[in-house]
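Here is the structure we will look at.
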Amino acid sequence: MLFNDLSKDWMIDPTVVPAQMSPVDPPDVRNCDRLIASIVCFTLGEKLSNHSIETYILDHIELERECSHRTNLCLAWSDDVSLTLCFIVSLIQCGGYSQDDLNQQYINWWMNGFMSPTGVCFTPSIHIKQTIEQMSINLAAECFAVITDENIYTTPPSPPVAALLRISPIAYFYSNHSPSVRIEVITHCVRAMFGQEISIENFVIYIELLVNALNGHAKEKILQSMQIPLDRSHSMSVVLIKLIDILRMDNNDIQQGVQQALAFNKSIEQESKWLNPYDSNQTILATLYLQVSGALYYQIVPSEWFACTYAKETLMALAKWLNYEQKLNEFEEKILL
């Protein structure tokens, strides 16, 4: 299973937007239809919604296109989707979770618009800024082998619902590992992003839901095993409860489920008019539903959805490389055992 590391360089080119990348397949492509469908589908949440985009936003994108000399800037998905794809790239590059590399991919996104259809056109939201700052502080502390009081430097951000999406690639890469391995990675990742005091319970619930869908388990058995804390004061718990309800009531019809998810509109006022208009929690439930149901119903995802997918070739190549590196990682671990 030898391959040339240089063949993956296209994934970390910060000078092009995803639709302009020139992806190549890994040397050994396995059956990964569920994975492909899940990754493609979670980028479609905004496209399937009825966002009303102000004219000034489109003008702002056009101005950025002219100033940066980058063609094909496109309003296609949220910043959280871009960061999720950055995590996928990091897992592929490192053959597993690396806080250092993930932080670097996030900085590439921040500085260059890496994995972003709109480049650096929009101002990152406060919770994303806080996450990257928190990760940098943790890395610096680990580098010097010191224990820091993180509150001296910054207030650790409270994770938004979109954080479930951002750490979801853990399910993709570690779907065939033991739950204890996934919990270890989730713990390290969540604490690095949001501080030591954050509960990982909701993150574990969502990752296990996605893992079971990717592994082809029957939906009824998956839902029967779900135990979500009934804490309706926590937005993440509320969304998870609603997600399970929609999966139960979608009649195994992904289009019907999407409409139910989009009806659950949790609109919030934006922090700034120059934020990515898709970077809100208006469509996060639909995005999470699409990620899970894409794996569950991969055989009946409407063909027109794939036809209108932004950067489809890049997304499919990422899925194939992720699957390849996952299998390679499992093979190497078996040798060590």
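Backbone N, Cα and C define each Cβ position, glycine as well.
What TrEMBL lists as Mg(2+) binding site is Ser78, Asp79, Asp80.
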* **Other same-chain residues whose Cβ falls within 8 Å of the Cβ centroid of Ser78, Asp79, Asp80, the recorded Mg(2+) site, in sequence order** => Trp77, Val81, Ser82, Leu83, Ile128, Ala162, Asn276, Tyr278, Asp279
* Specify the count of other C-beta atoms within 10 Å of the C-beta of Ser78 (Mg(2+) binding site). => 28
